[in-house]
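Below is one structure; the comments refer to it alone.
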Amino acid sequence: MTSDTNLRHTDDAALAPDTAWQTEIRAGVRHVRDLASLPLSPGERAAAQAAASNHKVRIPKTYLDLIDWNDPADPIRAQVIPSPDELAEQDGELDDPIADHEFSPVPRLTHRHADRVLLFPTYQCAVYCRFCFRKESLTSIGRGYTREALEPALAYIADHPEIREVILTGGDPLSLPDKALAEIRARIEAIAHVRLLRIHTRVPVALPSRITSGLVTALRGRLMVTVVTHFNHPREITDATEQACRMLRQAGFVLLNQSVLLKGVNDTVEVLEELCRELMYRLGVKPYYLHHGDLARGMAHRRTTIAQGQALAGALRARLSGICNPVYVLDLPEGGGKVPIGPCYVEGREGESWRLRGLDGEVRGYREVVGE
């Protein structure tokens, strides 16, 4: 891979001409040694460098500039600056928390659910998040995109007509240049039974300059396109991210967001409420999932309890309209999939009579009336 950005094709470096978004990468933190340039204390710097040995570091300048360095608990900082707490791994934490590898019949593909697959065109990202549940793959595999690397996965998709959705993930697919994305999209849409292309990306959050007319053109084709962003805090919503999301919306793409519930970042109802409102009202991005923290190694200090998450989900349900409410989910270990774990509103049942708790906290009766 190119040592400068680590974001280029391995088989055709000419596909990635220098652009503004690549300049943002180069101007930020790209290596552990770059942590020395940040306003950390000597103790923090040493601890951060030790933690960075467990997971790669990359922070574009745009995202780095959001950090308030006067606040040690800054929520942006908490997501990307290595913490010594990451070195305190706990029993029960896993290298592969949701069993991606167990459901991988061919390289770079996970087929956990019948009608959709995960496709990994790259194992590199524009920004590396400390809480990433795929950090083991990003570190141990770490490879970028080549045409040849995707051949077995694309052949598998073509041979399985039950597959309707292809989800580009990684790594971050939008860290690839436009020509690579256009090529991947064209190869997928040539498979007749595939109907929807889904893209999971942190790029609109951390590197909004990457969202260009060229990228939109690369992704537009026969397939319906859904872009799933990863905003975790309202401070990540800026004029630049608003412009990026507007461009994606105007292209006709459906925009959804999945957040991770992170202790010390967004584990208050006030922060989550503001995040969900601004996503929907300002960016036009539907809050989709609020993920309970996966059992990624070294992340116990960022996980809440499920009970805390349920309380937050219940409070959001009472404060926000349905379109602004995400579903609180847990991605089960061993590949069990995402299951809703929000609060239960059923208090009891006797035959056709139910007792249900309303959003105001009051319990009311409901009797089923069903015709013959």
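Glycine too: its Cβ is placed from the backbone N, Cα and C atoms.
Residues annotated as domain 'Radical SAM core' in TrEMBL: 109-317. Sequence annotations record features per position, and here TrEMBL assigns [4Fe-4S] cluster binding site to CYS125, CYS129, CYS132. Here TrEMBL flags LYS338 as N6-(pyridoxal phosphate)lysine.
Annotated features, which come from TrEMBL, shown on the structure.
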{"residue": "CYS125", "record": "[4Fe-4S] cluster binding site", "CB count, 10 Å": "25"}
{"residue": "CYS129", "record": "[4Fe-4S] cluster binding site", "CB count, 10 Å": "21"}
{"residue": "CYS132", "record": "[4Fe-4S] cluster binding site", "CB count, 10 Å": "21"}
{"residue": "LYS338", "record": "N6-(pyridoxal phosphate)lysine", "CB count, 10 Å": "16"}
Extra residues within 8 Å (Cβ to Cβ centroid of CYS125, CYS129, CYS132), [4Fe-4S] cluster: VAL127, TYR128, ARG130, PHE131, ARG134, LYS135, LEU138, ASP172, ARG202
Secondary-structure category, per DSSP, in which CYS125 ([4Fe-4S] cluster binding site) falls: coil
Rounded distance in angstrom between the Cα atoms of LYS338 (N6-(pyridoxal phosphate)lysine) and CYS132 ([4Fe-4S] cluster binding site): 16
Conformational class of CYS132 ([4Fe-4S] cluster binding site) under the three-state DSSP mapping: coil
